[in-house]
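For reference, TrEMBL has these:
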- B:E475: active site, proton acceptor (ACT_SITE)
- B:T196, B:G235: FAD binding site (BINDING)
- B:192-301: domain 'Acyl-CoA oxidase/dehydrogenase middle' (DOMAIN)
- B:339-490: domain 'Acyl-CoA oxidase C-alpha1' (DOMAIN)
- B:533-666: domain 'Acyl-CoA oxidase C-terminal' (DOMAIN)
Amino acid sequence: MADNSISGKTDQILVEEHSYVRTLILNRPRQLNALSLQMVSHLLELFTIYEEDRNVKLLILKGEGRAFCAGGDVAAVVKDTTDGHWRLGARFFWIEYTLNYIMATYNKPQVSILNGIIFGGGAGASIHGRFRIATENSVFSMPETALGLFPDVGASYFLSRLPGFFGEYIGLTGARLDGAEMLACGLATHFVPAMKLSLLEEALFKVNTSDPAVVSTIIDKISEHPPLKAKCAYHRLDAINRCFSKRTVEEILSALEKEAANGADNWLSETIQSLKKASPTSLKISLRSIREGRLQSVGQCLVREYRMCCHVLRKDVSKDFFEGCRAILLDKDRNPKWEPLRLDLVSDDMVNLYFTKVEDEEWEDLKLPARPSLLAASSMAKL
Amino acid sequence: MASSSSSMDRVSWRAQVLTRHLQQPSSSHSSVAPVLESSVCLQYAPPELSEKFDFDVREMRQLMDGHNIEDRDWLFGLMIQSKLFCPRNSGGKVFVSPDYNQSMEQQREMTMKRIAYLLDRGVFEGWLTEKGAEAELRKFAFFEVIGIFDHSLAVKLGVHFFLWGGAIQFFGTKRHHDKWLKDTESYVIKGCFAMTELGHGSNVRGIETITTYDTSTGEFVINTPCESAQKYWIGGAANHATYTIVFSQLHINGKSEGVHAFITQIRDANGNICPNIRIADCGHKIGLNGVDNGRIWFDNVRIPRENLLNSVADVSQDGQYLSAIKDPDQRFAAFLSPLTSGRVTIALSSIYSTKISLAIAIRYSLTRRAFSVSPNGPEILLLDYPSHQRRLLPLLAKTYAMSFAANYLKAVYVKRTPAANKTIHILSSAYKATFTWHDMKTLQECREACGGQGLKTENRIGQLKSENDVKSTFEGDNNVLMQQVSKALLSEYIAAKKKKKPFKGLGLEHMNDSCPVIPAQLSSSVLRSSKFQVDIFCLRERDLLNRLASQVAERQAQGESREYAFLMSYQLAEDLARAFSERAILQNFLESEASLSVGSLKNVLGLLRSMYAMVSLEEDASFLRYGYMSTENDAAVRKEVMKLCSELRSHALSLVSSFGIPDAFLSPIAFNWIESNSWSSVHN
């Protein structure tokens, strides 16, 4: 694909046409549909074309195989950055975030069928859309802090808008949610059992309008309200609100430890463990990002996340992202050596730097496309 | 007036426009993709799409908020995420604000529930037990944020922490600190502050509550001797408070020792009113109904001797009155000086209230159109009308100026030394009055600038008028405070002349220099120079102070007392206090400006400062009345105001975005007001 890799077609995205409906299939099953540069570029191109195409009223997004999408292909990004220049890696995120923004402000409903894992970038490619269908196979997670990164792809927007401080909880710990829990907290708009998915798609193929109310009615007919499993974290929302509302990561941890002192249980110790295993720098910038995101528009969130991301790629403060990828994705020893190693060694100044402009003459802030449809779009995404 | 034929043209053209609007709705009602079809119906376009951002909004916010930005955002987030703060969805966005449609009793209970939530989340940690400027600034930052949500919530907290807690801190000694501060911070006890009486408000020295000492039991006995002595407006007293500070005349051995403060329990932990205490409700108010103001009567209430807050004076076990300060006037002044914190916080919160209303009204004026200047031409944005700019942009400039002045006041306050008490007292009096008046004026103008939408409670501005009105009289009536400012300036003047010493402090040093000369011709560049602006503000202050001094002296020479002479000079005193405040604000502005390096931020601040100076020149009749400016110069000033309006117009959105108030704390008309009012939103 050489020069045209950004705009060229790839069989990593398959397109099916059914009258007014286009089904886009993430087709990289061996990599659990992890988003490559080609995929995000192709998706961006398709979304842009379909927005103008009056014969397209509805988009369906799903994954081939047992995953919806395992996230951005960060191993490739790390390779690009290590072999070449950080700007190569930054280009991937520029396109991915632009795609996230287009989805968040799209004027036609996007129905994402989340029948499998939805990690990181996979969430970015679906949660911003109007309808998110969970199934009994759904497994959601934002695992970035364990990787030395931070929940990006507009996660500071959608996580911060979940009930109470649930967003901080899943954003910092990378906790996994099942389909029922996704529905309960609002990450999913519907739950449809996997065996009824073909029925759902058949019904959606008949749609000839972009009216979300009509689409909603169709999905409502097939969807179910599964009970929450007894051990799911959403039952712990009170404790989550008590602890994850605290001002700093240190205070969150000590609040959790205080709860554990009053009666330890599996959930508490797992939560504390995952925070202790995560990159301290990641935890601090992630918390700050979610807190800022709560008060910002989705566009502002993505611009800020792009800044943060470029600082990560440039190793301006910490190399944790590269160390995390080495330990989790490449060497797979699952034993990253974070630096700084402890929360108290990550100073406010270090955290602040992630939120500043990058000092490089050629660098620029993420330039989001003008969205004439922004008017209607604010109500399309229902977070 | 237009001629009758052209006004007829206009009528028929309006009719055409309306007809076109009316013929369209079929497409928007059909089920076919209403959101996709473009129509000639009005569309909301976010102002961000068309307005430019010439400077870094984050940087400006840092300058304006000054400190604890991340802490502020954390607290905003805490409120947005809790149902207690009534999040409501409108036009695709979430807004928080109290439900003012609830009954008074419900609003009061909600205030307490919100306090419990914030307490639980650790917001008040260290408010009374941590010392130092850093802790104090964080407390101020949180208090400002809370005030942006609701004035009742801020006042209820202010009474508990700053009045009750502050009285213990400042009037009490170690035994009181150890016993009460920690329990206050954690709300084990709920405090209130009983100073005002039915018969006495600003004149605290005249209160009629009487406390005597019973040597046989070692107790104080508090009494309300007459109806006018009932404690009045006591925030927290009607429903929740368990303890109060009682201000009372202290009678020892038949001699009155003046006003003192005592700790008295008024309710038990279960909320039952204590024996010998009678409490009644102040009832429904025009605003601030989330605060339970009450009235209290004391019938031989006995309290232990230790409950006298004894930092200034004490009574020994055997009933001897002991005080290091012999002069009762000085004793009283020493007593009340710490209460300036209330005025400081009111001044600060008024500025944030103007920020809310200006952000809403200006955002609305950048999306709402009315009338065209040419037939069939597009309707014009409200803020593109020069007259609309003149209504809102000078107020915006004043808010910027006062915001810097408020930061200065805050900085002086947190770094206070006993030597700075006088400055803090005078500055906080002047700024409290000036800022709260500016607030009420701004709210009214913004309310009108939003037209009918300003009437809706959900749009905040109208409601803020009644919520904030009290600020002009509580913690010192504005008019009384301004007279006190002039009185203090006069004392400075008399002292300087008597001792033949130069003026020092309160920014009066300019009085030592020769009288500034104002150029006869005021060109635009002269008008915009800080030199001219400072000169003419100083000239006004200097001359008014001279005039006041000579008028008082003249009257005294005719045999009037100094007090009476001052009282009869109230017009000059009023002009002088205003001159003092505006000059001090201008200087605070210039100091903030000077701290910036050359760039877009500094440029826009220069415009705002000039606008502040020009509207002050335009609005205060003193400049013409006393001849500091010719009528020609006045005309030049007016022209400059217009020019500045058009130059500031392009910065309007970025200037209100720099206020750092999250969208959720503004209102639906500040955003997509078409969608928030759409039929589909009726059912949600």
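For all residues, glycine too, the Cβ spot is worked out from N, Cα and C.
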Can you tell me how the residues of the domain 'Acyl-CoA oxidase/dehydrogenase middle' (B:192-301) break down into helix, strand and coil by DSSP? 6 helix, 54 strand, 50 coil
Counting every protein chain shown, other Cβ atoms within 10 Å of the Cβ of B:G235 (FAD binding site) number 25
What does the DSSP secondary structure composition of the domain 'Acyl-CoA oxidase C-terminal' (B:533-666) look like, as residue counts for helix, strand and coil? 109 helix, 0 strand, 25 coil
Most isolated by CB count within 10 A, of the recorded positions B:T196, B:E475, is B:T196
I'm trying to understand the geometry here, so how far is the Cα atom of B:T196 (FAD binding site) from the Cα atom of B:E475 (active site, proton acceptor), in Å to the nearest whole number? 10
Inter-residue C-alpha distance, B:G235 (FAD binding site) and the residue listed as 'active site, proton acceptor' (nearest angstrom): 12
Could you tell me the mean pLDDT over the domain 'Acyl-CoA oxidase C-terminal' (B:533-666), as a whole number? 97
Can you see whether DSSP assigns the residue listed as 'active site, proton acceptor' to helix, strand or coil? coil
